[in-house]
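This report concerns only the one structure given below.
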Amino acid sequence: MRQVMAALTVTCAVCATPAVAVASPQQPVPPVSDAARAAGLVDVRTAVPDALVDLRYATPDNFVGEQLYPSDARCLVHDSIAAGLAAAAEALRPDVLVFWDCYRPHDVQVRMYEAVSDSGWVARPGRYARSHEAGLSVDVTLARDGEPLDMGTGFDEFVPRANAYATDGVSAAAQQNRARLREAMRLGGLTVYSGEWWHFDGPNAYGDHPILDVPVN
């Protein structure tokens, strides 16, 4: 989550069992809401059918320690990055992308700021939607045969090892997994945020986009 700016120590485990939502011919992806469609948002599983969806803010397993999304939240992304995510997923197979966060409503960003109460830790919500609030950023990791790969830290574990290019305290296997993830996402046109190996931005993620009033479910 690109908006967090300082080192918070949390206990989100990298090997937590994903709350998996996988699209298949037997389980078609339901249409998104009219509001989501009007905002140009799509369910990521329409682009990446084998995506694993483990939205941490739909559980208390996050740095705030409370559930911020409804239990039926979906991973919504702006349609402008959907093809890039599909390309990244194709490059990574047989490993699969696990999505920890996608589009984030503005009111959730406000709640995060209130919970931390320090503008040095969480960006103050502004007049525009950027990054996750615009559906133009995603937090992702990798899984193989349904099991999370070693990436060196868990989600929202704000320690030096979480830096995208960290080597100290990060195993060779985790460094290799991070590099594979970065390269695949780069092929899809998404750029890693250097402070968080899991956070990737699509083009114009930090432009001045209108704040969206779109539910995540």
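Every residue, even glycine, has its Cβ placed from backbone N, Cα and C.
Over all protein chains present, the Cβ of E196 (active site, proton donor/acceptor) has 20 other Cβ atoms lying within 10 Å. According to TrEMBL, the feature active site, proton donor/acceptor maps to E196.
Every protein chain considered, the tally of other Cβ atoms within 10 Å of the Cβ of H199 (Zn(2+) binding site) stands at 26. As annotated by TrEMBL, Zn(2+) binding site applies to H132, D139, H199.
What TrEMBL records for 1-21 is signal peptide.
Taken from TrEMBL, the feature site 'Transition state stabilizer' applies to R104. Other C-beta atoms found within 10 angstroms of the C-beta of R104 (site 'Transition state stabilizer') number 26, with every protein chain shown included. R104 (site 'Transition state stabilizer') carries neither a helix nor a strand DSSP state and counts as coil.
Using a 10 angstroms CA-CA radius around R104 (site 'Transition state stabilizer'), the recorded positions that qualify from H132, D139, E196, H199 are H132.
For E196 (active site, proton donor/acceptor) paired with H132 (Zn(2+) binding site), the C-alpha to C-alpha distance reads 14 Å. Residue environment of D139 (Zn(2+) binding site) contains 25 other Cβ atoms, counted within 10 Å of its Cβ in all protein chains.
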